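K.L.:
So TrEMBL lists the following for this protein:
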ACT_SITE  Lys19  active site
DOMAIN    78-158  domain 'GHMP kinase N-terminal'
BINDING   Pro108, Val109, Ala110, Gly111, Gly112, Met113, Ala114, Gly115, Gly116, Ser117, Ala118  ATP binding site
ACT_SITE  Asp150  active site
DOMAIN    217-289  domain 'GHMP kinase C-terminal'
Amino acid sequence: MATPVAPGPATIRVRVPAKINLALGVGGVDADGYHRLTTVFQAVSLHDELTAQWDEPGLFSIAMSGEGTDLVAADDSNLAMRAARLVAERFGPESALGVRMTVKKSIPVAGGMAGGSADAAAALLACSVLWDLDADLEELRELGGELGADVPFSMLGGTAIGTGRGDELVPVLTRGAHHWVLAVADVGLSTPTVFRRFDELQPGGCDLAMPTELLNALASGDSVALGRHLHNDLAEAAIDLRPQLQQTLDAGLEFGALGAIVSGSGPTCAFLCRNEESAVALSVRLGAEGVARAVRRVRGPVPGARLIS
Ligand code: C5P
């Protein structure tokens, strides 16, 4: 069968960022099995890149490259594949659509940085443009919420408060750029496993409060205060499952970070630095210390999923 003629550009490319949670408050579990969250997301300059090209109607495929992708199934269970099918089903006609996707991964797999959600967000945007569907960004973000709690933020980017499951978003005012160093572990952690351990350690969840001091620090661009108010209710569970994370966090603080935090459900650790120079120095020290598989310097906030030429 011949590949159908594409109505738009032959290849759509989307760049999508990783996220860290500057604050992650975890409450009780709702009827849908998800925990109530009050979180502050920030998108950072570590990106996956997804391309989408037309394929024969009904053919959906994905090929992934980059570190850790041998652990990600390139079949219908892949979150980006589910995103492509969902957008076709809702905005189709599904039977007339097909796509061949590739993903170049830089966001660590199972690293607590929403790598899978990022690819889903990229697929939603890429497919809607490739197929020239009548879907606006707000509708795509809503669709993203059906795929995973972090998908809407991967589309929005910047810095935002997330409530509900983490998918009800309000952008947050920030001043200046933040310089982060990431310590990437060699083996990932499963998000559901970390939430389960959290439930054992903290039955009923933690009290949820707006992280006012952290929001004030973001608004005023006060990195010292921001470093002091980073907080993650999942950290204890992640450290319990992976005790060496405590050494990684301690090493970063000892080497001069303004603040240290487990990113989301971990095991990636994020260190806030005073400026770019401090971030370079810290990444060199952490790299030499061998406390992580890889050390990356990133900036935040950056935009969410975007088309690139
Ligand atoms: O939404 P997502 O698929 O990314 O979530 C992965 C897992 O993390 C869920 O299956 C659930 O176990 C846990 N989770 C949760 N409460 C949230 C977000 C995620 O319990 N608000």
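Each Cβ is built from the backbone N, Cα and C atoms, and glycine gets one as well.
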K.L.:
Relative to ligand 1, which of the recorded positions Pro108, Ala110, Asp150 have a Cβ found under 6 Å from one of its atoms?
P.N.:
Asp150
K.L.:
Could you check which of these binding-site residues, Pro108, Ala114, Gly116, sit within 10 Å of Asp150 (active site), going Cα to Cα?
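P.N.:
So the list reads Ala114, Gly116.
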K.L.:
How would DSSP class Lys19 (active site) in three states?
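P.N.:
The residue in question, Lys19 (active site), is strand (DSSP, three-state).
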K.L.:
Looking at the binding-site residues Pro108, Ala110, Ala118, which has the shortest Cα distance to Lys19 (active site)?
P.N.:
Ala118
K.L.:
Cβ within 8 Å of the ATP site centroid (Pro108, Val109, Ala110, Gly111, Gly112, Met113, Ala114, Gly115, Gly116, Ser117, Ala118 excluded): which residues?
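P.N.:
Leaving out the recorded residues gives Ala18, Ile107, Gly188.
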K.L.:
For the binding-site residues Ala110, Ala114, Ala118, work out the Cβ neighbour count at 10 Å and name the residue with the minimum.
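P.N.:
The binding-site residues Ala110, Ala114, Ala118 were compared, and Ala110 has the fewest Cβ atoms within 10 Å.
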K.L.:
Going by DSSP, is Gly112 (ATP binding site) part of a helix, a strand, or coil?
P.N.:
coil
K.L.:
Inside 10 Å of the Cβ of Gly112 (ATP binding site), count up the other Cβ atoms and send me the figure.
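P.N.:
The answer is 29.
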